[in-house]
């Protein structure tokens, strides 16, 4: 294994005291206790990444164990989360073990020429395309499922997914070729090569293209929702859900700015921290947005909120039903008896009443209920009321069942 002449004991003594750049007027190099933004980076990046990991894990759990249906979007989301986590770990190592987040005149030149700085920087750059491609592909796949009826949107999804895949694959291959040491090369020698310099310059247009894709992903669902036959307030609510992705777009735009600053300002270690934290924010916020819809599903499945709400609702509805003292007609009396009748020990007497039938008749338990078909002579809603276990209605309609509290007073049998 070839080692750099600037590593270990081969380092000239005079280089150990040289700063990474000439300090500005009035500044003196401080190698021992310099000001660092590392703690701020650690707090922000760790919080964003932890939230992302929790939401992605919940998404995978919900899709596999609750919904029991997985798709390609679940795979791309998981791969994007793994790449984003790797990016976070490498960036954190640059801060903790290295000197990123410190002004470069307070960093020894030998550090900038060592593998402690160069290797994590290489890993960070290489992990950007995989994290971006899988995160953005997840959005395209989800849009394809949600807005399947829109032919124009399907075309836009296929086009956007193809362009995104080709762009990031080409970018990844270029960076690997330009930045990976081969044979007798070291990361230091590669870092000073013309190919490495070109790769750094291309990071700005690469980030700009990524920003364009983010805007594209934001506009697509908003345009589709506007074409849905929904009340205006419902449209606004749905659009606001998708507009949470604006945070990722803002992070992407700021990343373009700081990458430009990184290429024009000599203070690399200081500006690199901003690029890293914004890249983490862009990746993680995107994954959070695509994973958040699974959170209510999981909470509704495991927490008693929905059950308690349903129980209270049924009790409230039962309290609204009262039996008048006047003598009702036979049909109303039959309906009242079926509603408030105490449960019998034997289920053989349980029955249901078709309130929307042409004739008032009892439907004994086990009786076959014909499938309900809508039409010019049929109503759009059919109501059954009674006690005991309900009969099976063999149709594809939407069934809404409410459990009513039974009256404490025994009613006369019909």
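Placed from the backbone N, Cα and C atoms, the Cβ positions cover glycine too.
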| message | Please identify the range among 122-144, 306-328, 329-351 that TrEMBL labels transmembrane segment. | response | 122-144
| Contact set, same chain, for the transmembrane segment (236-258): CB under 8 Å, 6 or more residues outside the stretch | 204, 207-208, 210-211, 214-215, 217-218, 221-222, 225-226, 228, 230, 271, 274-275, 278-279, 281-282, 285-286, 289, 292
| request: Output the single range from 40-58, 122-144, 199-224, 270-295 maximising the number of Cβ pairs under 8 Å to the transmembrane segment (70-89). | output: 122-144
| said: Below 8 angstroms Cβ to Cβ, which residues of this chain, lying six or more residues outside the transmembrane segment (270-295), approach it? | reply: 37-38, 41, 44-45, 48-49, 51-52, 55-56, 58-59, 62-63, 73, 77, 80-81, 83-84, 87-88, 91, 94-95, 100-104, 121, 124, 128, 131-132, 135-136, 138-139, 142, 210, 214, 244-245, 247-248, 251-252, 254-255, 258-259, 261-262
